[in-house]
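Peer 1: Submitted below is the structure of interest, expressed as structure tokens.
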């Protein structure tokens, strides 16, 4: 028996471990929709959209802005602002501990990044929610960074684009977070009075106080395919009305069919489509869009499991 262990079993285990270690962590990704095993470098070329089923995966705020804005001339707004636990809030865990954990996980100070720059050469300011930071919830810093972006648009007479991905107002900041709904809505009213366009792009998911304020106040409301958009979640609604909801309820396609949003745009088309739209709204020449050259990638055989 001992010879069998030494000669057969142990070498087999060692070969298995070597095989596992030869596949770098994060090199493969499973699509949450069709479960296809995708090569990470190939997925990056498609902007985290599954090439098999067109599922638009969730991406971070910085990745979102990197995709949307021109490379040159970017400047982050409100980067110095940090959240403060003014209420000394505690549920199952202290709020300050939740903040520390979220900051460590994401590398961000809070759940919104605002950045000035250009889109196809046209001055623009953009904000993007970081859903990985406490569900993209809106607190005082998120509201303030949004307002600073809007004020930049007012001062520089340029359009404002926001990419929303949020579970709503941040519970741990109580009334302070609810006040951000009014604060962000008020600054968007100023943009409208000045005739400056605000485009709201709804990504998966957008709920609660964010959907009830800034996310649905765009002059044009755009959504990515299959994004979940609503106020309360489907399960909560079903329990309240005691009825089964229609298929695809709260998906962007359902909202488009019922007139709640204006258009659905794939991630790869956002730059040219919004660039043309903003140029028309600002009475500027149609910008020239040059599609990036995508070099072919040699995809190695996918592992059996990841």
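Every residue, even glycine, has its Cβ placed from backbone N, Cα and C.
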Peer 1: Out of 31-53, 54-76, which range is noted as zinc finger by Swiss-Prot?
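Peer 2: Comparing 31-53, 54-76 with Swiss-Prot, zinc finger matches 31-53.
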Peer 1: Quick one: which residues besides 31, 34, 50, 53 have a Cβ within 8 Å of the Zn(2+) site's Cβ centroid, in sequence order?
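Peer 2: So the extra residues in range turn out to be 32, 33, 35, 36, 38, 51, 52, 54, 55.
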Peer 1: Within a 10 Å radius of its Cβ, which of these binding-site residues (31, 34, 50) has the fewest neighbouring Cβ atoms?
Peer 2: 34
Peer 1: DSSP says what for the zinc finger (31-53): how many helix, strand, coil residues?
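Peer 2: Tallied per class, the zinc finger (31-53) gives 6 helix, 4 strand, 13 coil.
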Peer 1: Excluding near sequence neighbours, so keeping only residues 6 or more apart in the same chain, what lies with its CB under 8 A of residue 53 (Zn(2+) binding site)?
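Peer 2: Result: 31, 33, 34, 36.
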